[in-house]
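One structure is given below, represented as structure tokens, and several questions about it will come after.
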Amino acid sequence: MTRLPLGSSSIDIAGPTTNWWDQINESVQWQDGIFYSLCASYALVSAVALIQLIRIELRVPEYGWTTQKVFHLMNFVVNGVRAIVFGFHKQVFLFHPKVLSLAILDLPGLLFFSTFTLLVLFWAEIYHQARSLPTDKLRISYISINGAIYFIQACIWVYLWSNDNSTVEFIGKIFIAVVSFIAALGFLLYGGRLFLMLRRFPIESKGRRKKLHEVGSVTAICFTCFLISCFVVVLSAFDPDASLDVLDHPVLNLIYYLLVEILPSALVLYILRKLPPKRVSAQYHPIS
């Protein structure tokens, strides 16, 4: 009785399905197409943030640099830098020493952290004011935490510049993951608190419902994106096949940056698109 070569047929079937990922990753055309698409996406989000900043400034120029204006300015900068990085991806991923490539890829991520934790600071101030709690130390805490993060990361880069050590590079990735986890906790803590406080507010109004939707949506989006970032960075620290710092992982880069930065930025900018009300002149008195 003749035996059928089941092993070879299963390999023939599995081969095309397992190789398409490698074929895309190793294709220069696919690499260029994906990274230039990321460049265009970041440039679009950056332009939207700049347009919104200009609209706010034209609407209320007398308010100075409010949290809302700073948030949109930082969004413009972060997404603009990412667009430039991916526009010159061939040079960025192949920099020598390697620490230059790591720094250029990681710095926008730290700026993204600073940009979105600005919302956490804003919500914390609102929550503390509503609870009659002191707010004077909140901004100091925000600046101190960000300053400490940039200082530690700079020390890691300087060490890698002088001594390209795989252990220190591993520590650097874990540090970035911890930073993302801190941001996720910040949104869960203060976004969640503010959301629950608004839900318990006794007076029902259209403004309350809008603010409830705004806080809930932004909290869910930002908590999710920072948690995904934490998970992927930890995974890449232990598994080289999940690394984001190489040219031949374009599909992984596309999925990661879409989920972690581009879509969250676009959605939050859309949710926070409402312009602040114009200041009523002191000389104007409405007809009663």
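Glycine residues also receive a Cβ, built from the backbone N, Cα and C atoms like all the rest.
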Same topological domain, and so the same side of the membrane, for GLU26 and LEU272 in Swiss-Prot?
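No, opposite sides.
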From the Cα of ASN25 (N-linked glycosylation site) across to the Cα of ASN165 (N-linked glycosylation site), what is the distance in angstrom?
27
I need the most crowded of these glycosylation sites: ASN25, ASN165. Count other C-beta atoms within 10 angstroms of each C-beta and give me the top one.
ASN25
Rank 76-96, 140-160, 170-190 by Cβ pairs under 8 Å to the transmembrane segment (218-238) and hand me the top one.
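Stretch with the highest Cβ contact count: 170-190.
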Hey, would you say the transmembrane segment (170-190) packs against the transmembrane segment (140-160), going by three or more CB pairs under 8 A that are 6+ residues apart?
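In this chain the transmembrane segment (170-190) contacts the transmembrane segment (140-160) - 3 or more Cβ pairs sit under 8 Å.
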If H, G and I count as helix, E and B as strand, and all else as coil, what does DSSP give for ASN25 (N-linked glycosylation site)?
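The three-state answer is helix.
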Within the same chain, where does the topological domain 'Cytoplasmic' (191-217) have neighbours whose Cβ lies under 8 angstroms from its own Cβ atoms, ignoring anything closer than 6 residues to its ends? I mean 6 or more beyond.
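The answer is 120, 123, 126-127, 130, 223, 267, 271-272.
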